[in-house]
Every structure is written in C-alpha cells, then in structure tokens.
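A.B. asks: Okay, these came from Swiss-Prot:
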{"type": "DOMAIN", "residues": "4-266", "note": "domain 'Pyruvate carboxyltransferase'"}
{"type": "BINDING", "residues": "13, 201, 203, 237", "note": "Mn(2+) binding site"}
{"type": "REGION", "residues": "390-506", "note": "region 'Regulatory domain'"}
C-alpha cells in the first residue's frame, strides 16, 4: 500500500479565488486547522508578493509544528531568498519554485528559448537547494508542454537538487487517461526519476480535477496538491477532501492511503467556507449539505433497511455530526473547556474567559448549543478579537414603509468610543451608512449573504459581506443570533480591512 502525501494550497492558490481576501489571523486559523487535518505540506503563500504575504507566511512557518511549510517563488533569486527568510523558522521548511515549460508560455509570457528555460531551472533549483532542505520544482503548464522537453526540464531540476517534481495541469486542460500516461511517460523517460517524489496539481476548468488527480496516483504520483472545497482561480482546484475520501473508500482499487485525519474534514471545510465567504454547494461531494440526504422513497426505504444500500460513506468518517445538543446554559466552565479541547481549540485563561462569556450569553438565548454553534462562536469571537473596531451598541428605529434610522457605537483598540447615526431605505442600509460615517469610508457593498448555522428559529446567523473601493475588494463576516447584529459585525470586519488597506497605500 503506497503512502500518498497531501499538499494543501488553500492559503495560496485558494486565496486567489475572486473576492477572497484573508488577513493574517484568518490564514493562521486555517493553517492550524490544516495541521489538525493531517496535511503533510501546506503552501502558506507567495512570500515575495507583498509585505503582508511575507508576514503571513513567516507567522505560519513559525507556528506549525507537524507539517512542512512551503512558500511559492518564481525562478528568480530575489523571490527565492525572500521565501527563505519567510519559512526558515519552520520545523520543516520547503521552497516551491516554478517556471513555465509550454511553448505558448515560453513564447508569449517568458520570451525565453528552451535553452534559457533549462538554464533558469538549473540556477534557481541549485540556489534553492543551497538554502532549503527540500525543494519542489513545478513545470507550469506541464500538460501543454512537449513531452520530450518536459522530461528534459524535469531531469535538469532533479540533477540540480529538486526533491519533489510537480506536473501541474495549470489550465485544467488534460483528462484522466492522458494525465495517467504523462506520468508513466516521465517514469520511463527521466533517468533520475527515482530520486524525486512526483506530484500532481490539477485545476477544474473542464470539471476533471479530482479524476485527474486520482489518475495521477494510478500513474505513480506520490503527492497530490489541491485545496479545501476545491476553491481557487477560475473553476478552482482539485478538492483534497474528495481525493482523500476516494482513496480511503477505494483502497481496493488505488492501493494507496494517506495520513489525513478524515474526521476533521467537515470542520476544515466549514472553516474555509466561512472565512473565505465561498459557500459550499449543497450537492457537493463529501461536504455538501445534501451529501448524505435521501429524497427518493426507494432510496429512503433501502437506507432504513440497510444503510450501505445507498450510502458508501458513513457521515461520521468525515466528522459530520448529527448536530446533537452538546452544551446548555447550565454547563460550567470546565465542561465548556473540555468540549472545546475535544473540538481542537486551546485557550489562554484570558481567551477562555472571553469565549466562555460569549457562550453563556448565547446559552441564555438559545435552548440547545450544538458543535456547529460552538465552531461558529469561536470563529466569530476570533474575528472580533482581531478587529480594529468592535460594536458596543447598535440601535435601530424601525417604522413600516418608512425610512429607517440606525445608531451605532464603535470602540477602537485604544478604547476610544465613536457614535453616529444614519438613515437608509432599510435597517441594514441604515446600519451600514452609520458605520461608514464613523470610519470615514466611501465604498460600495459588492455582496451580502446570510446563512443559518443550524436549524430552528433561535439559530445563529452567519453574514458575509464584500466591500469595494475602486479596484480593491475585501470581505468580512459576522456571527450572531440577531441578523442585524451579525450584519453589523460583518460590515465592521470588512470595513476595518478596507480602512487598513487605504491607510497603507496612502
């Protein structure tokens, strides 16, 4: 049984999804959950892209203990050295250097000859190997590259010291049979093939990213790259949770396994969805809301008689809870702390006191507190704690068929209070206008979405907003039992990010 490594690029490729804008604290939250999931390698970002990216990569590298942390870099000395400075503090640092090898990229993007590309690969990998214990080389647009030249480029990279060779389907162009044969071709055509681990990286432009990844495993790939929920540029990447469960359920066919902690899949998917604002489709495989639902009477009858008639995956395998009541208003601090530890959360005493107070406030208003509620509570409190501004008071004057008025009081990190009021055609517009007046912002609301965390009239609300000012767009979220409060929290979260960006560029 061969062991498959999983390389997660949610924090780099996934964050390139249109409208996704994660701050440092949010990236760290995801990185910690990826560690709990058992991801072998996480691409923390592109350190040379900006100072913000550099700091995020560095913080993740200095925090994660049980996974390799990697930074992307172009085949440029400045990028490689910047990546080294960012991840050198990691327990297991890695460089990911890439260069395009297809004719179309070499001609129109790079303006380089094949000889120039081979020389650049050699120089960049050699430099990387002098700094990093492991180096991964990616031949960008590999599936549209001449196979003979691809084999030549891969051989140069391995001889220069590359430990991992990635064969990406950058534009989602290939199909399973073709991708399988490409890995087999490289196995036969690259003299130093056995000296490196071969990896696959598939995009979903033609809807075959997961199928192509599994075909690569059949063809000899020992590392699979992708993102949680399959997020990413254009149509996204291979969904790692789908690949992992497919390998587990069909061990008989693939004869492969991974070290992924499958019961953490649902929690990871939910966290990524809520922080990025990218909703998981209900019919998505593995983690969609309908993944274990049966509407057909024939199917329901079969499942009631014998669950395996129509269910090949047990919900508990991926950590899908039945949303049972776990805590209530009579639960004490110790029970709360132990339950949160069970869910993977650790606190300082000060953090525990703040979160426990938020829990008790929720328990006073909500009869039953589920695991989903606790995760949402943690997510909301973590976001709130990292904000420049917090809401201390929110008052809305509602009159049917009339202009609405809202009064908002915000507190900044130094404890200064700011109050203003505004009107709007609806309660939410009035709240948002008041917040804009306080923060001195002029921006457009590009998106507003609301989602119920659990069922019932007393369920928590999760609101996602996207704000746009010029060409810059940011997202924010808020969690509360009251929809207006959740909406206000989401707006303050996003507005704080936007205000920081505007201050930075000025």
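Counting begins at 1 with the first residue displayed.
Quick reminder: no glycine exception, Cβ is built from N, Cα and C everywhere.
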A.B. asks: Neighbour count, 10 Å Cβ-Cβ cut-off, for residue 203 (Mn(2+) binding site): what number do you get?
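C.D. replies: There are 26 of them.
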A.B. asks: From the DSSP assignment alone, can you count helix, strand and coil residues within the region 'Regulatory domain' (390-506)?
C.D. replies: 36 helix, 52 strand, 29 coil
A.B. asks: Can you check which residues sit near residue 13 (Mn(2+) binding site), meaning Cβ under 8 Å from its Cβ, same chain, 6 or more apart in sequence, and list them in order?
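C.D. replies: Listed in sequence order, they are 43, 227, 232, 233, 237.
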A.B. asks: Taking the Cβ of residue 237 (Mn(2+) binding site) as the centre, count every other Cβ atom within 10 Å, in any protein chain shown.
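C.D. replies: Other Cβ atoms within 10 Å of residue 237 (Mn(2+) binding site): 32.
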A.B. asks: Using a 10 Å radius around its CB, how many other CB atoms surround residue 201 (Mn(2+) binding site)?
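C.D. replies: That number is 27.
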A.B. asks: Restricting to the region 'Regulatory domain' (390-506), report the mean pLDDT as a whole number.
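C.D. replies: On average, pLDDT over the region 'Regulatory domain' (390-506) sits at 88.
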A.B. asks: Report the residues of the chain - excluding 13, 201, 203, 237 - with C-beta within 8 Å of the mean position of the site's C-beta atoms, for the recorded Mn(2+) site, in sequence order.
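C.D. replies: Filtered neighbour residues, in order: 9, 168, 170, 202, 209, 225, 226, 227, 232, 233, 236, 238.
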A.B. asks: Could you check what DSSP calls residue 237 (Mn(2+) binding site) once collapsed to helix, strand or coil?
C.D. replies: strand
A.B. asks: If you run the three-state DSSP split on residue 203 (Mn(2+) binding site), which class comes out?
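C.D. replies: In three-state terms, residue 203 (Mn(2+) binding site) counts as strand.
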